[in-house]
Amino acid sequence: MESPNRTTIQEFIFSAFPYSWVKSVVCFVPLLFIYAFIVVGNLVIITVVQLNTHLHTPMYTFISALSFLEIWYTTATIPKMLSSLLSERSISFNGCLLQMYFFHSTGICEVCLLTVMAFDHYLAICSPLHYPSIMTPKLCTQLTLSCCVCGFITPLPEIAWISTLPFCGSNHLEHIFCDFLPVLRLACTDTRAIVMIQVVDVIHAVEIITAVMLIFMSYDGIVAVILRIHSAGGRRTAFSTCVSHFIVFSLFFGSVTLMYLRFSATYSLFWDIAIALAFAVLSPFFNPIIYSLRNKEIKEAIKKHIGQAKIFFSVRPGTSSKIF
């Protein structure tokens with residue numbers, strides 16, 4: 001009896017978007033600006049790190065990798081949000097599974113990478129003499145690849161299980177993109193589905209709590225070392241090295257924790273969407289700002305390249321002919 005019902009739903013319809021054309025346009029314009037800023041801002045960071053050899057250090061290698069992940073993390077959801085605001089609000093069942101997979105896989109990659117970055121800061125401040133011999137370029141590459149492997153493997157069992165569930169009721173998804181809990185609510189309710197929802201909650205809890213504990217352990221050691229530094233300038237330098245990462249960590253994990261560590265707690269649709277926007281849109285939006293405005297070396301490198309671009313474009317067409 002399940003197979004006929006299962007095939008009745010071939011697509012989901014996002015019902016959380018405004019139906020008014022004016023409201024849709026009002027939402028579309030800032031979202032388009034934010035997405036463009038995220039892509040361009042992160043591409044600038046990647047390019048600046050690649051073009052400046054003095055930035056080829058573990059910290060900037062990880063920042064560059066995080067910027068690359070941010071582009072794909074937002075691309076998994078925002079383009080579909082933009083099209084849903086102005087046109088068709090449906091997504092195929094397979095498309096929904098793919099969106100969930102890439103959104104969560106890139107998100108888990110970021111969680112792992114933020115944890116690795118905290119460990120990198122810990123080594124740089126707590127073991128500065130051994131740091132160059134430990135955090136080699138080879139190890140940086142291995143850690144980055146390990147984060148990606150972990151991220152792209154972890155969601156596979158959940159996605160595979162959801163693909164086997166029967167969906168025999170409403171296909172109206174009360175969310176702005178495909179996510180585990182909103183999709184699971186549309187599955188035909190049975191004991192197995194209820195138990196698996198709880199299992200998904202536990203999996204998310206383990207992932208988030210493990211990462212948060214490791215990061216806080218790293219920062220606990222960092223703070224202890226910083227407090228032992230006698231020079232105020234030295235303390236300021238050491239603190240500024242970590243503050244950008246900690247702000248990014250707080251923004252991302254704060255909203256993710258509210259969304260995925262609620263267990264039986266329920267929010268209104270408004271708060272569900274607000275929290276989802278916080279970690280899917282706003283957190284990636286602030287990351288390029290934090291890493292560029294709070295990082296002296298990246299700011300100086302960007303200014304240098306802007307200056308070079310101004311010189312290049314200020315050369316008049318007749319100048320080259322005069323040289324020859």
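Glycine too: its Cβ is placed from the backbone N, Cα and C atoms.
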- Compare the membrane side that Swiss-Prot records for Lys23 with the one it records for Phe270, and say whether they match. yes
- Query: With DSSP helix as H/G/I and strand as E/B, how many residues of the topological domain 'Extracellular' (76-98) fall in helix, strand and coil?
  - Reply: 15 helix, 3 strand, 5 coil
- Counting other C-beta atoms within 10 angstroms, the emptiest spot among the disulfide-bonded residues Cys96, Cys188 is Cys188
- Task: For the topological domain 'Cytoplasmic' (120-138), jot down how many residues DSSP puts in helix, in strand and in coil.
- Result: 13 helix, 0 strand, 6 coil
- Check the transmembrane segment (199-218) against each of 26-46, 139-159, 273-293 and return whichever range has the most CB pairs under 8 Å. 139-159
- Who are the long-range neighbours of the topological domain 'Cytoplasmic' (120-138) in its own chain, taking Cβ under 8 Å and residues 6 or more past its ends? 56, 58-59, 61-62, 218-219, 221-222, 225-226, 238, 241-242, 245
